[in-house]
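Straight from Swiss-Prot, the features:
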LIPID     GLY2  N-myristoyl glycine
BINDING   23-30, 66-70, 125-128  GTP binding site
Amino acid sequence: MGLLTVLKKLKQKEKELRILMLGLDNAGKTTILKKFNGEDISTISPTLGFNIQTLMYKEYKLNIWDIGGQKTLRSYWRNYYEENDAVIWVIDSSDIRRIDDCKFELKKLLEEEKFAGASFLVFANKQDLDGAMTSEEISKYLDLEQLNTHHWEIMSCSAVTGLGLEEGIDWVVKDIVSRCFVLD
């Protein structure tokens, strides 16, 4: 293998990003990925364990790990904490009764040293439903303004309509690239 081939492989590897997608069960993590990938979203079942979706976005290969959010699976989340460039936390904006549970799990997640420096996107999902909290309300309730350990953004979205999905992924990729790569 020649030096040029090795350099090309290294360059391709640089353009590969690992993103961890977490949130409580029924937040819409799998639906977001399927919608973004142009797949059918009419029959989604709960994720038992994890799914890995590889998406091409601009010139980047995104390996997105979608981890089930059921209470019985949350203790296993830490098995996926290594070497992530970003975390996407998905919230069901219409499920006000579980916002305290969401805040508790998010706080534990943000205390993990393995995520230090990772880009952090909160998708305020299900904005298409009546009574959904706004991204501003969620940000305030979750105290995101106090978050100074990560680059972060909150984005309103709907996995059903596609609202905000591309903008969110675009922010994640740009934030990772601005921190990790020297632009050509």
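FYI, residue positions are counted from 1 along the chain as it appears here.
Heads up, the Cβ atoms here are built off N, Cα and C, so glycines get one too.
Ranked by how many other Cβ atoms sit within 10 Å of their Cβ, the binding-site residues ASN26, GLN70, GLN127 place GLN70 at the bottom. Spatially close to GLY23 (GTP binding site) yet at least six residues away along the chain are LYS29, GLY69, TRP89, VAL90, ILE91, ASP92, CYS102, PHE123, judged by Cβ distances under 8 angstroms. Using a 10 Å Cβ-Cβ cutoff, ILE67 (GTP binding site) registers 20 neighbours. Note on LYS29 (GTP binding site): other Cβ atoms within 10 Å of its Cβ, all shown chains, come to 27. In the three-state DSSP assignment, the secondary structure recorded for GLN127 (GTP binding site) is coil.
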